[in-house]
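Per TrEMBL, the features are as follows:
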type     : residues                               : note
BINDING  : A:Asp60, A:Asp105, A:Asp240            : Mg(2+) 3 binding site
BINDING  : A:Asp60, A:Ser74, A:Asp105             : Mg(2+) 4 binding site
BINDING  : A:Thr75, A:Asp76, A:Asp153             : Mg(2+) 1 binding site
BINDING  : A:Asp76, A:Asp105                      : Mg(2+) 2 binding site
BINDING  : A:His83, A:Glu293, A:Trp339            : substrate binding site
BINDING  : A:Gly152, A:Asp153, A:Arg178, A:Ser242 : ATP binding site
BINDING  : A:Asp243                               : Mg(2+) 5 binding site
COMPBIAS : A:1-11                                 : compositional bias 'Polar residues'
DOMAIN   : A:58-168                               : domain 'PurM-like N-terminal'
DOMAIN   : A:182-270                              : domain 'PurM-like C-terminal'
REGION   : A:1-26                                 : region 'Disordered'
Number of protein chains: 2
Amino acid sequence: MRDVNGSTASEPTPAMEAPHGPARGRMPGTVGALGEFGLIRELTSRLTTTPAVRIGPGDDAAVVAAPDRRVVASTDILLEGRHFRRDWSTAYDVGRKAAAQNLADIAAMGAVPTALLLGLIVPVDLPANWPTELMDGIRDEAQVAASAVVGGDVVRGDSIAVSITALGDLRNREPVTRSGARAGDVVAVTGWLGWSAAGHAVLSRGFRSPRAFVEAHRRPEPPYHAGPAAAGLGATAMTDVSDGLVADLGHIAEASKVRIDIRSADLDVPAQMADIGQAVGVDPLQWVLTGGEDHAIVATFPREQKLPARWRVIGSVQGASARPQVTVDGAPWANAGGWDHFSPDADR
Amino acid sequence: MRDVNGSTASEPTPAMEAPHGPARGRMPGTVGALGEFGLIRELTSRLTTTPAVRIGPGDDAAVVAAPDRRVVASTDILLEGRHFRRDWSTAYDVGRKAAAQNLADIAAMGAVPTALLLGLIVPVDLPANWPTELMDGIRDEAQVAASAVVGGDVVRGDSIAVSITALGDLRNREPVTRSGARAGDVVAVTGWLGWSAAGHAVLSRGFRSPRAFVEAHRRPEPPYHAGPAAAGLGATAMTDVSDGLVADLGHIAEASKVRIDIRSADLDVPAQMADIGQAVGVDPLQWVLTGGEDHAIVATFPREQKLPARWRVIGSVQGASARPQVTVDGAPWANAGGWDHFSPDADR
């Protein structure tokens, strides 16, 4: 983006920019002081690579191995104030979380993550260590999943946005979609459920402990390996739990045209989570059933399939239904989902 | 993103949102009125597909063919007020341009585009036809390059941002990077140079014609086919012209550790562009040498390589240099590039 006068934006609209003079734009320790090329240098210098990365950052595009002859791809955006708060989460944790959210989508297709691309919007007055620590977090989470950041774009804007695209490889297994659940299948889950929501409840009441739940909120730990493993075990449908168990199983029920029943007695409500629930006056089952962001993986399997120890069978596919739905112990769960993120009520 | 109360943002910061009540949030004809699911439905309903798209939008991730066993990937962000203006460009044109910019990066590696993913930030009070027309533009530009939109994410924010990731396939050719230019190679270009910059000069002075240049600014036409073709012809280095010819050849010179000389007499300055230059008091060569956004493709080739008619030889690789640079007729070109997008001067 460059016009004939050498200025950057092809179509600048001064009114949209925060008013600032040179002094503020170059405020020491800010991304403005670092400059675009300085920031890109800082960000790329922190990256690691893997054998799958044939060409990393710095050219027109990256080149990543796709041995399966198919590539799995997903994009998610996190906005400051909407998906994270700088006073609750460090840049590093935001990076871990943003990467985790995207890597979990790849795993939930039954694929092995290979690469991430980062689209980053930053204000000029943002402290320069914020994007670099964000990148450290993204890099480290990518490494947890044996993948790497291979490219991206950084632009200057009014508030922070982190857009990540994750790529993955199916390793000769068929992708597991949301639409393959069949009557008689069992529903099983692996990973954490409700921990992030319980941590959020703690934080939003001004507390910083119990640490385990606050940490779970700041930095999810999706069971990446479980996605491809489930595909290998013959999972008929799969998704990661990003909107809440009932809501995400609802996506499977809808896509597969089935009913799904969850048995609440089979859900794991840790004693400490129950304690938090009692302290804040919330049924902890609500966190387990509707809390998102832990990125557990939930899948349906043929009933006869033996599952590894870390999978917990929590329900069953009830049969084809013209009116797909998810029930808990046979009844609809109140406030289960379908929340409209664009609703004027969404910020209350 | 969902908390235990069913509200959307896990960590809402009301101060960051424009103040609005239900009436404004649901203003008829806005994306708020359409709602998140309504908008996603509207957007995905407009999409087309290709045989390369194995799984399109609607699941945890998309699956796209990668017959070469490698995938080429690139991400770019466009922001309102920085990269486009709603009073200068229609949503449709912004979509065409955003897609073109990313598809050109794929072509410039020598690859054939296969798929796009869209990350979109929209304010709730944005007219609902803006994102749908944007999507029409992205879809149509994807189709020009025989590719398709396969997925994405839509979130609500304060201003419009369009983040696109493009994927491509190398079709068993080696990627053409920026680092392979060798002494004795010729420099050749195909596509348009300076047209977008001339169109921008016209628009920024309040005029709407000549149409051809205004159109070139609103909607670039990168020569997508030329990228893979150049790879087939043995191009030693290649990039698309997004920052300006001198600046982008500078990236090749730097990566290849060579000097590059452009012969200005070999550049095409159309008569009508010269007329605009005279009218607005700008040397049109400045547009041709430093104007970005047309996404021409520039490459270096072995001198003996015969090039198709639409490639124009405009210079030569002068030889290895510890101090890489690009010259025009043997001398540095003033104001040639290296512009820092984060500079406080960048909005002048």
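Placement of Cβ uses the backbone N, Cα and C atoms for every residue, glycine included.
Remember, TrEMBL labels are computer predictions, not curated facts.
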Protein Cβ atoms within 10 Å of A:Arg178 (ATP binding site), excluding its own: 23
The domain 'PurM-like N-terminal' (A:58-168): DSSP-derived helix, strand, coil residue counts: 33 helix, 45 strand, 33 coil
Minimum Cα separation from A:Asp153 (Mg(2+) 1 binding site), reported as the residue among binding-site residues A:Asp60, A:Asp105, A:Arg178, A:Ser242, A:Glu293 that achieves it: A:Asp60
Binding-site residues near A:Ser74 (Mg(2+) 4 binding site) (Cα-Cα within 10 Å), from A:Asp60, A:His83, A:Asp105, A:Gly152, A:Arg178, A:Asp240: A:Asp105
Cα-nearest neighbour of A:Arg178 (ATP binding site) within the listed binding-site residues, A:Asp60, A:Asp76, A:His83, A:Asp243: A:Asp243
Distance, A:His83 (substrate binding site) to A:Gly152 (ATP binding site) (CA atoms, angstrom): 20
Other CB atoms within 10 A, centred on A:Ser74 (Mg(2+) 4 binding site): 29
Nearest-integer angstrom distance between the alpha carbons (Cα) of A:Ser242 (ATP binding site) and A:His83 (substrate binding site): 12
Proximal but sequence-remote residues of the same chain as A:Glu293 (substrate binding site) (Cβ under 8 Å, at least 6 apart): A:Lys97, A:Gln101, A:Ser196, A:Ala197, A:His217, A:Pro220, A:Ser242
Three-state secondary structure, A:Asp240 (Mg(2+) 3 binding site) (per DSSP): strand
All-chain count of other Cβ atoms within 10 Å of A:Gly152 (ATP binding site): 27
Nearest-integer angstrom distance between the alpha carbons (Cα) of the residue listed as 'Mg(2+) 5 binding site' and A:His83 (substrate binding site): 13
Inter-residue C-alpha distance, A:Asp76 (Mg(2+) 1 binding site) and A:Asp105 (Mg(2+) 3 binding site) (nearest angstrom): 9
